Amino acid sequence: MSDPTETDGTAGAGEAAESAQPASGGPGERHVRVVLVDDHRMFRTGVQAEIGQTAQTGVEVVGEAADVDQAVTVITATRPEVVLLDVHLPGGGGVEVLRRCAPLMSDAEQPVRFLALSVSDAAEDVIGVIRGGARGYVTKTITGTDLVDSVFRVQEGDAVFSPRLAGFVLDAFASTDAPPVDEDMDRLTQREREVLRLIARGYAYKEIAKQLYISVKTVESHVSAVLRKLQLSNRHELTRWATARRLV
Amino acid sequence: MPEAATAPVAEPRPPRKLYRSGDGRWLGGVARGLAGHLGLPVIWVRFAFVGLFMADGLGALLYAAFWFFVPLGIGGVDAQRPPSLVTSETSPDGRRRLVARKPDKGQIVALLLMVVVALVFVGNVDLGGGAKAYLWPTVLVGAGVALVWRQADNARRARWAEVGRHRRTVTLLRSVAGVLLVTAGVTGIFVLQGSAAHLGSVLQAALAVLVGITLLAGPYLVRMTQDLSEERLMRIRAQERAEVAAHVHDSVLHTLTLIQRNAESPGEVRRLARAQERDLRAWLYKPEGNGKDEDDEPTTLAEAVKRNAAEVEDKHGVPIEVVVVGDCPLDEKISAQMQAGREAMVNAAKYGGEGGAVQVFAEVEGRTVFVSVRDRGPGFDLDSIPADRMGVRESIIGRMERNGGTARLRAVPDGGTEVELEMERAENTS
């Protein structure tokens with residue numbers, strides 16, 4: 001199982017060379033401390049090379065970890081603002097890291113926020129991490145510039161949805177939507193659904209705002225609301241969704 | 001074995017090992033197995049056993065010993081008879097599998113004959129006074145044991161041959177019959193030994209001993225069976241993993257070789273890498289069976305969209321990201337939509353591929369199927385296209401409208417083109 005991901009790590013490193021130009025809009029004042037959690041050293045090196053030039057990107061990688069125990073130790077010790085978290089990890093996976101770092105996430109003064117970064121294509125993996133408290137999910141094919149953007153968005157408290165994650169979420173809520181008796185908390189509003197759909201179609205927040213004649217801030221708040229519902233929606237519903245998917 | 005039957009002479013014999021014969025056997029397959037091993041006609045071996053049986057039942061003991069210790073195998077080479085119970089045939093997946101057949105009439109006759117011989121023997125033999133009284137119960141026990149043992153053989157064979165479910169009741173019935181026979185025999189012996197009056201206390205004692213043994217050995221037995229089944233499960237998993245690993249390593253090596261050869265052309269390298277990535281994803285993250293048979297025609301929307309995207313991606317070397325929400329079976333209208341969608345993907349890859357990945361989104365919502373194909377290329381204005389260029393008008397818009405759907409092309413605010421296809425599913429499909 002490790003080889004394919006290793007291959008992907010190489011691909012990520014290759015992309016680094018491609019997108020090594022300074023990230024957009026020379027940040028200067030922006031700064032974020034990041035911990036990388038991934039069991040493939042090559043991939044960590046690749047990401048580090050891509051986003052680690054603090055002078056250009058404003059991202060400072062303050063620690064790395066390769067498994068769950070190490071991750072918890074490093075995160076507790078360094079207290080980063082954002083953790084880039086792989087879904088598949090030895091020792092219980094990303095979900096386990098989230099579970100053990102739950103107190104840090106809800107810390108009022110300086111919360112640690114998690115952004116899932118995965119090569120996995122399985123909806124169960126991804127939804128699991130999001131439900132565990134991650135603030136977003138991006139695939140490992142993401143470019144360096146986009147990754148830096150996502151990290152800052154997460155740092156500011158936004159949710160980051162890749163098109164694929166939006167697809168998974170729509171899927172998850174589509175089947176729970178059938179019986180309208182459920183409490184409102186578990187359902188998506190028409191607007192949230194529209195926003196998710198546009199994300200799944202590959203639109204950026206700015207484009208969505210233009211398309212729906214709303215402000216980017218409103219888009220952000222819709223996305224955050226979806227994330228909250230996903231994290232709070234009751235277990236029973238999502239289990240049913242997961243079983244239904246396997247039956248399809 | 002068909003090979004042995006068709007070419008018994010030319011076939012070089014494999015090193016011989018004693019097995020009981022699974023096919024064409026009368027009781028345990030011992031005689032046939034021995035005959036095959038010794039190269040003698042089966043009938044001789046059988047007569048030998050019958051003869052030995054007459055010598056104070058020695059044959060029966062020997063037979064039982066062979067039955068107990070010699071494993072059941074396929075074989076017991078016998079040129080006189082073609083195999084009747086089990087034949088091997090090649091299944092579509094190329095694996096050889098054994099097929100069970102119904103026992104023929106000869107076998108039943110033979111069994112009956114065997115019983116008659118036994119009865120005659122029992123009736124005639126004189127073991128002197130008391131001993132003779134035990135014969136009947138002993139025969140009963142023997143028959144019961146034979147029934148259960150053969151049953152065990154069948155259970156083992158059933159693992160090779162795929163035996164239908166209806167046989168399970170027969171299996172159960174036979175086991176129960178065997179147990180009943182043995183119980184009757186044993187009870188008979190007890191009754192003969194003491195007076196019938198003691199039967200109650202004897203049964204009680206026996207029951208007490210049985211319960212005691214169960215209590216002592218039960219946990220071990222349970223754990224043993226659990227360990228065994230767990231081990232089997234692990235083995236199956238390991239096998240599956242090995243299969244995936246073999247496939248993965250093979251195809252990855254293949255791709256890496258191709259990439260080394262094409263190192264100068266980044267487009268080709270990217271195409272190879274994407275194809276390999278897709279292949280690996282299909283193996284690693286899809287539910288079992290999915291995406292492993294490349295040649296099957298897709299039957300659902302999700303499969304069709306992914307297949308189209310993969311093919312266009314391979315052909316044009318532009319990455320296509322696919323997001324599918326929901327799924328439904330393909331019908332005529334949806335198939336037309338898929339073709340229009342494919343056309344849109346080709347256009348996007350050809351004319352808008354420089355701007356980055358093409359994004360494809362398909363959603364099933366109720367009866368409506370929506371597909372959007374979006375690129376980030378220089379953009380596209382339908383009105384500026386000469387009227388004689390029919391690509392978009394005919395194969396996308398025209399096709400959708402002929403099938404009762406709609407197609408919209410529009411420029412996306414920040415550059416690029418988006419094609420939106422909407423279609424209602426046909427009524428009869430559910």
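Using the three backbone atoms N, Cα and C, a Cβ is placed for every residue, glycine included.
Per TrEMBL, the feature compositional bias 'Low complexity' maps to A:1-24.
Positions annotated as domain 'Response regulatory' by TrEMBL: A:33-155.
The domain 'HTH luxR-type' feature in TrEMBL is assigned to A:181-246.
A coil conformation is recorded for A:Asp86 (4-aspartylphosphate) in the three-state DSSP classification, outside any helix or strand. Under the heading 4-aspartylphosphate, TrEMBL lists A:Asp86.
Under the heading region 'Disordered', TrEMBL lists A:1-30.
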Cβ-Cβ distance under 8 Å to A:Asp86 (4-aspartylphosphate), same chain, at least six residues away: A:Val37, A:Asp38, A:Asp39, A:His40, A:Phe43, A:Gly94, A:Ala116, A:Leu117, A:Ser118
Mean of pLDDT values spanning the domain 'Response regulatory' (A:33-155): 86
